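S.K.: Among the features that TrEMBL reports, domain 'Clp1 N-terminal' is placed at 8-99. The ATP binding site annotation in TrEMBL covers 14, 54, 122, 123, 124, 125, 126, 127. Per TrEMBL, domain 'Clp1 P-loop' is recorded for 119-257, 298-356. Per TrEMBL, domain 'Clp1 C-terminal' is recorded for 361-429, 498-543.
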């Protein structure tokens, strides 16, 4: 559909549009009032929506919307979950006001809502986050947006854990302004690459935000909205629980259940019909009319996943009475994406970082010598010898170890992060607070690496010396001056801290000349890099 056309929307209905892959689509509000994911459309002004975008233009009181350009799908839906979403917003708004008005010395009373949005893939988590943030901003709040979805990445690019204050409704075209983001480069699009490192970054981000909130009562009262990954089983579920605990969330919104008119082809009651529905579904597949069958199967899967996830979360969090677990419908406008579409979306997100959402930016190509930069990978490195481990334990790579790598053509087409660290040991550093002296009654020594030192006198070992402690294989490891002592019980309080440096931005490696020892990269702006320390993961991009 390429010609200009108008859609007249009744109150509490929405126009759902999927933009084509090649050209942007123009949209404007002809009359009435309407919004895109919580942000009101300006009257009469044309907005350019990027190719491959999926948007929903919703109106509370009625509107006429005009489109100009090519779209793949466009239709009007009068059944939406928006009323339930805005009801959630109203409750959160009341909690923010209560926190701001509190004069208690209790920190919890001063804390606004910390909302985490969870659910399987393609359940509308990012869209709901944008609505809640934009509606809060329209009420004068400045909530903090936390993005833990390393698979897609909304604040910056995929492979990152990030947070940023949101001071105004999110722009429908340009997204969130990024004047003050806090970004940690995980470097992978799946947590399976290094789940422990993912937890470290989540904890560091939470600790950084707590420090900011301690000096900003307004930001503390505004609270957080946290977006999460769509992996809700196995390791994904473990990381989800870790995030809820680490950020001290008090509202868990579980998305995934179908709305009454999810596709226009089936309704929620039909999904729960008896075996006749399944026979009908199979008949559709045999006859080749797969659209209805596909909607049925996907809808049923999402419903089961949400029910399971919601039940599990309520069971685990029942010991925390201040945590509310709320089940919400997903919007019927959410588009299901396969793996290929997800990869394309990641590629477009990286391209958007360098070129802008509507190709309005001009990145710069630069050339530096190998000696001018240092590239590091987080995780891996040498393993501890078996002789230094408890009986039956296997050596594992340190998930937070920073390892320098050689610059070669393996870096071609990789996206590297520019660290704020000034020295390599500042990329990730560990330090420990423990009593000035420890005795044998505090620690049960299981084994000591005999190749490093035979003296196992613990008080003598720690007296007047620094050290650090890491949790590995469920065993507390005390390391000091190259000596490793493994202990299974500590009767005294020891605080373990891991500090991580956030990143300033990213570069894209376009060429590597091994003979001349020069590397060519694309950067979003001209000039020297803020740091010579670069971090590499597995994030690739083929510019095209």
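Backbone N, Cα and C define each Cβ position, glycine as well.
TrEMBL does not curate its annotations; it predicts them automatically.
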S.K.: Out of 123, 126, 127, which of these binding-site residues shows the lowest number of other CB atoms within 10 Å of its CB?
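M.R.: Among the binding-site residues 123, 126, 127, the sparsest Cβ neighbourhood within 10 Å belongs to 126.
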S.K.: Mean pLDDT, the domain 'Clp1 P-loop' (119-257)?
M.R.: 94
S.K.: When DSSP is mapped onto helix/strand/coil, what comes out for residue 122 (ATP binding site)?
M.R.: coil
S.K.: Using Cβ distances below 8 Å and needing 3 or more such pairs, separated by at least 6 in sequence, tell me whether the domain 'Clp1 N-terminal' (8-99) contacts the domain 'Clp1 P-loop' (298-356).
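M.R.: As far as Cβ distances go (cut-off 8 Å, pairs 6 or more apart), the domain 'Clp1 N-terminal' (8-99) and the domain 'Clp1 P-loop' (298-356) touch.
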S.K.: Tell me the coarse DSSP state (helix, strand, coil) of residue 54 (ATP binding site).
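M.R.: DSSP call for residue 54 (ATP binding site): strand.
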S.K.: List nothing but the largest Cα to Cα distance in Å, as a whole number, among the residues 14, 54, 122, 123, 124, 125, 126, 127 that the record says bind ATP.
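M.R.: Max Cα-Cα spread across the ATP binders: 19 Å.
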S.K.: Since the record lists 54, 125 as binding-site residues, which of them has the fewest other Cβ atoms within 10 Å of its Cβ?
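M.R.: Ranked by other Cβ atoms within 10 Å, the binding-site residues 54, 125 bottom out at 54.
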S.K.: Across all the protein chains here, work out how many other Cβ atoms are within 10 Å of the Cβ of residue 124 (ATP binding site).
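M.R.: Counting Cβ neighbours of residue 124 (ATP binding site) within 10 Å gives 23.
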S.K.: Other Cβ atoms within 10 Å is the metric here; tell me which of the binding-site residues 14, 122 scores highest.
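M.R.: Of the binding-site residues 14, 122, the most buried by Cβ count within 10 Å is 14.
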S.K.: Helix, strand or coil: which one is residue 127 (ATP binding site) in, per DSSP?
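M.R.: Where residue 127 (ATP binding site) sits, the three-state DSSP reduction gives helix.
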